[in-house]
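Residues annotated as DNA-binding region in TrEMBL: 105-148. Marked as domain 'Homeobox' by TrEMBL: 103-147. Residues annotated as domain 'TLC' in TrEMBL: 150-351. Marked as transmembrane segment by TrEMBL: 159-179, 199-218, 283-302, 322-343.
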Amino acid sequence: GGDRRRRRKMAAAAAAALGAWFWNERFWLPHNVTWADLAGEPPGPAGSGLQYPRAGHVLSALPLALGIFAVRLLFERFIAKPCAIRLGIQDSGPHRAQPNAILEKVFTSITKSPDGRRLEGLAKQLDWDVRKIQRWFRQRRNQDKPTTLTKFCESMWRFTFYLSVFFYGIRFLWTAPWFWDTRQCWYNYPFQPLTTRLYYYYILELAFYWSLMFSQFTDIKRKDFLIMFVHHLATIGLITFSYMNNMVRVGTLVLCLHDASDFLLEAAKLANYAKYQRLCDAFFMLFGVVFIVTRLGIYPFWILNTTLFESWELIGPYPSWWLFNGLLVTLQVLHVIWSYLIVRTAYKALVRGKV
């Protein structure tokens with residue numbers, strides 16, 4: 001009993017030490033500000049319900065993410081699928097490979113694209129023609145690919161969410177003073193009260209990215225699975241981090257700016273799946289223009305300008321300020337890489353005559 005109590009005390013002491021290290025005020029907050037200062041109610045009318053962001057608020061995004069995932073499943077089944085069928089998109093997949101235990105074992109445990117030597121060995125073993133085995137592997141690879149209907153439903157859900165959250169963000173920010181004067185992001189920082197609408201906007205965006213993390217394991221498996229997984233993780237980290245140290249004003253600008261082009265890409269995919277090629281090309285070109293203008297123009301000259309220079313002037317740097325700006329600058333590097341890929345795709349499309 002004594003040993004167990006001692007171990008429990010040691011574990012509690014280690015947890016307390018880790019918590020104290022993680023929540024170190026000198027890392028998270030500007031000089032002379034403590035967590036206790038942010039625990040009280042902001043100045044204003046009594047009972048107004050205003051408060052500062054709390055670390056515990058971000059946990060409410062997890063059940064909301066599960067709710068969004070459930071809504072998505074219902075949306076895809078009862079709204080997106082009937083729309084796809086009405087547009088003539090069939091639920092039929094590619095031709096299935098005939099069952100064969102030996103080839104299936106090679107496909108699942110050794111290779112999905114056997115080389116010439118292995119093909120010859122399998123041909124002797126099964127007494128099949130090499131071309132017949134090549135055709136079997138090609139059919140088996142295609143068999144795992146999702147149907148156009150599945151891809152249409154997934155894109156229609158994303159299009160609907162991105163469009164809705166973008167217009168919600170624009171409507172909310174239109175009346176926000178920091179939308180018109182970014183210096184307002186830093187006046188009286190970090191003592192900036194959290195309004196109900198700002199809270200809902202932030203937690204909804206965080207919950208959506210959590211839902212994308214969950215659904216990545218059930219969604220269509222794409223070549224960029226790992227890159228997108230890291231991207232979702234980084235986005236969740238950035239949203240959570242900026243919420244906990246109350247950089248939510250500038251955070252809303254970053255979120256809205258990124259939502260401005262996403263729905264256009266999903267619209268281009270929908271047009272592509274429905275075989276409206278000219279509409280697909282038009283949406284993709286519009287997406288490319290909006291992406292480059294927002295990510296290479298507005299983002300560095302509006303967002304990075306305020307987080308790096310205006311905030312330096314008004315509140316000065318401190319450890320979490322450096323981390324926050326480091327993450328935002330890293331995001332800008334990704335914007336440059338993605339813009340290059342979009343321009344390259346657009347150039348190839350112009351040469352070929354279609355996206």
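Cβ atoms here come from the backbone N, Cα and C positions, even for glycine.
Most Cβ pairs under 8 A with the transmembrane segment (199-218) among the ranges 159-179, 283-302, 322-343 are made by 159-179.
For the transmembrane segment (159-179), the residues of the chain that approach it from at least six positions outside its boundaries are 68, 75, 185, 197-198, 201, 204-205, 208, 249-250, 252-253, 255-256, 259-260, 262-263, 266-267, 270, judged by C-beta separation under 8 angstroms. Packing against the transmembrane segment (322-343) from elsewhere in the chain are residues 231, 234, 237-238, 241-242, 245, 247, 254, 287-288, 291-292, 295-296, 299-300, 303-304, 307-308: each is 6 or more residues past its ends and has a CB under 8 Å from a CB in it.
Residue counts for the DNA-binding region (105-148) under DSSP, split into helix (H, G, I), strand (E, B) and coil, are 31 helix, 0 strand, 13 coil.
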